[in-house]
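Heads up: the structure comes next, in structure tokens.
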Amino acid sequence: MSKSDYYDLLGLSKNATPEEIKKAYRKMALKYHPDKNPGDKAAEEKFKELSEAYDVLIDKDKRAAYDRYGHSAFSDGSGRGGFDFNSGFSTDFSDIFNDLFGGGFRGGRSSSKRQDGGTVGSDLRLDIEITLEDSFNGTKVPINYVTHVKCSSCSGSGSEGSVKSVQCNTCHGAGNIRTQQGFFTIERTCHVCNGEGEIIKNKCKKCSGSGRVRDEVNLLVTVPKGIESGDKIRLNGKGEAGYRGAQSGDLYVYPNIKKHKFFTRNGADLYCNVPIKMILATLGGHIEMPSIDGTWTKVKVPEGSQNGDKLRLKEKGMPVINSSRRGDMYIQITVETPINLTKQQKELLKKFDEEPNTVECNPQSTGFFQKVKSFWNDIRSS
């Protein structure tokens, strides 16, 4: 009986990409897998053909040989480096079948790995909101959440009385059951002990043998100085309690820093925009600036300061986390143009503008308009 074309089996074109091959095989394998068709020999044979096709087409070298020689590339005595499918597949199918069957599949050589002590608890995430001042000073934040906690009646064992548990006779303590189907070893969680490998004789009435119950947890979280939005605080063992005394998961607390009315932050540096009067920018002087630590600092504004200029205050920013250092604070100047001037004030400004040395007083604007004038003169003369 002649073999079907591998590309036709998977419904693919000759130039199919590896991702298309994997997608097609996943779809067909789900349809014909023996677990989905118990006792159906035709489906089992179809599944073997599909797996054989996938094993060849997903491998670059095997695919090249198949494209050149067809099925004869893998026949005994072909002289072309034949592949013996009776020895099993070299391709790792586990990622495919983990997606399809929830992680219970083992391709080729099977594994008996099982975590001792039962199913560990899940990690949990909790988001909190803090102020920039909280981040600067460090703080303690009360939190509460509901999760599985260790049962107080049985101390997490799930059992009442002195006899805790006995070995499961179905899986013999392994927690899983293996069956051989064609080329594959299928490994499933034991349905009798739910993968624990043990059976409790007298289950705790409070937790029904799970060793844990749902309850509210109240904690006080220590937020370190300098923490930023997106950082996380890990609380070991404060996540979900494990099943029947297994290890608990961790709790991850993610702080979100509220928008500040005055400062913006970039790492350990702080930034703020400060409007100053035109006269102060022109003549120079000083301004009083608040810092995040609550102190005030006298800051010198240089004579002739321009809009957008930055003034730097060293080590007036945020603490660097787990360090004694601090970032800097940057003050960006916004020069405020006077409005609602009186007639007399306007006259004084006009008089100033008419002074003979105003060109030297305004080099940027004077230079700009000189360039514009030169540009138009060049156009007219061309």
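Just so it is clear, glycine is given a Cβ too, placed from its N, Cα and C backbone atoms.
As written in Swiss-Prot, here are the features:
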- CYS151, CYS154, CYS204, CYS207: Zn(2+) 1 binding site (BINDING)
- CYS168, CYS171, CYS190, CYS193: Zn(2+) 2 binding site (BINDING)
- 5-70: domain 'J' (DOMAIN)
- 151-158: repeat 'CXXCXGXG motif' (REPEAT)
- 168-175: repeat 'CXXCXGXG motif' (REPEAT)
- 190-197: repeat 'CXXCXGXG motif' (REPEAT)
- 204-211: repeat 'CXXCXGXG motif' (REPEAT)
- 138-216: zinc finger (ZN_FING)
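Apart from the site residues CYS168, CYS171, CYS190, CYS193, the chain places the Cβ of ASN169, THR170, HIS172, GLY173, ALA174, GLY175, ASN176, ILE177, HIS191, VAL192, ASN194, GLY195, GLU196, GLY197, GLU198, ILE199 no farther than 8 Å from the centroid of the site's Cβ atoms, the recorded Zn(2+) 2 location. Counting only the Cα atoms, the space from CYS168 (Zn(2+) 2 binding site) to CYS151 (Zn(2+) 1 binding site) is about 23 angstrom. Counting same-chain residues at least six beyond the ends of the repeat 'CXXCXGXG motif' (204-211), those with a Cβ under 8 angstroms from any Cβ of the stretch are 118, 150-154, 156-160, 241-246. Averaged across the repeat 'CXXCXGXG motif' (151-158), the predicted model reaches a pLDDT of 90.
All protein chains considered, the CB of CYS154 (Zn(2+) 1 binding site) has 25 other CB atoms within 10 Å. For the repeat 'CXXCXGXG motif' (151-158), DSSP puts the residue distribution at 0 helix, 0 strand, 8 coil. Long-range Cβ contacts of the repeat 'CXXCXGXG motif' (190-197) within its own chain (Cβ-Cβ under 8 Å, at least 6 residues beyond either end) map to 114, 118-119, 167-171, 173-177, 243-244. Helix first, then strand, then coil: DSSP counts for the repeat 'CXXCXGXG motif' (168-175) stand at 0 helix, 0 strand, 8 coil.
Excluding CYS151, CYS154, CYS204, CYS207 themselves, the residues of that chain whose CB lies within 8 A of the CB mean position for the Zn(2+) 1 site are, in sequence, SER152, SER153, SER155, GLY156, SER157, GLY158, SER159, GLU160, LYS203, LYS205, LYS206, SER208, GLY209, SER210, GLY211, ARG212, VAL213.
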